[in-house]
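Student: What TrEMBL shows for this protein is this:
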TRANSMEM  89-112  transmembrane segment
TRANSMEM  118-139  transmembrane segment
TRANSMEM  151-174  transmembrane segment
TRANSMEM  180-200  transmembrane segment
TRANSMEM  207-226  transmembrane segment
TRANSMEM  232-250  transmembrane segment
Amino acid sequence: MKKLNQLRAANDQQLKKIHGTDYSYTESVIIYLRSKLSKDPYAIEEAISDLLATLIDAQQSGHRVAIFFSDDPQKAADHILKELPRVPVWYLLNQYWPVLMFLFAASIFPTISQKSQLSLVSVGGPILFAVAFVNIPFARGLSFNKLSRKTVYSAMLGFAMVIIALLILSYLVAGRTPFSVSRSTLLLFCVSFLVLNLIGALGFRKIAYLFLAWACVWLLAFIGMLLTTSALTVGIAITGVLVATLLLFYHPEPKSQLPV
């Protein structure tokens, strides 16, 4: 999202004006603020911009940044977050809808060039990738957030167990007959996702291009399902997976947001 990235880049440049130990301190606060996925990211950057302006003026006047956060910087940061609006639904969809669509597309497209079967590996692979992709933000701000070691280790252990379980199950069923899914069922999936994305484009016009792009992906999958297995369907399957992978990183700029 170009404008949000511009806001972040501008704030990062302002951060460089803070020197010494105050820089690391302020950077940790900013990382913590940005790690709150439940708050509007545009509002967060506006708050960071105001905060940096205040801290830069204070430092130029000979004051230390730490005095503005007393002995509990997390509490002060949480107070800032409390005043910010919650993240809008369209933003959450813009971030996580591609992950959900990729999960299904990466599992279904390969079946276009096969005998309409899904294996645990073909399903587990995208699931593993999607879980990892979604949980990357969890690590952000841990150095600042006062989580107990037990909490952090428990979360890391849980994530590791998901990965291990998928790997073990994939190994156990390797070479065995995959569970069969009829062509008509896969066609129904494709049509359902196509219609769902068209509805999303109408309901969330700020990010309509996101839904329209995924609608095209599912239209391609639908066409591939109607064809008999051939070199063409293999090409469609490969193209579908590649396009879905690219769209995983596609987050169109909304038509309007906070003034910048």
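The backbone N, Cα and C atoms fix where each Cβ goes, and this holds for glycine too.
Because TrEMBL annotations are produced automatically, they should be read as predictions rather than curated entries.
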Student: Restricting to CB pairs under 8 Å, which listed stretch, 89-112, 180-200, 207-226, is in contact most with the transmembrane segment (232-250)?
Tutor: 89-112
Student: At a C-beta cut-off of under 8 Å, are there same-chain residues at least 6 beyond the transmembrane segment (207-226) that contact it? List them, or none.
Tutor: 90, 93-94, 97-98, 101, 105, 108-109, 112, 183, 186-187, 190-191, 193-194, 197-198, 200-201, 233, 236-237, 239-240, 243-244, 247, 250-252, 254
Student: May I ask for the residues of the chain that lie six or more residues beyond the transmembrane segment (180-200) and have a Cβ under 8 Å from a Cβ within it?
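Tutor: That would be 93, 97, 101, 104, 108, 111, 116-118, 210-212, 214-215, 218-219, 221-222, 225-226.
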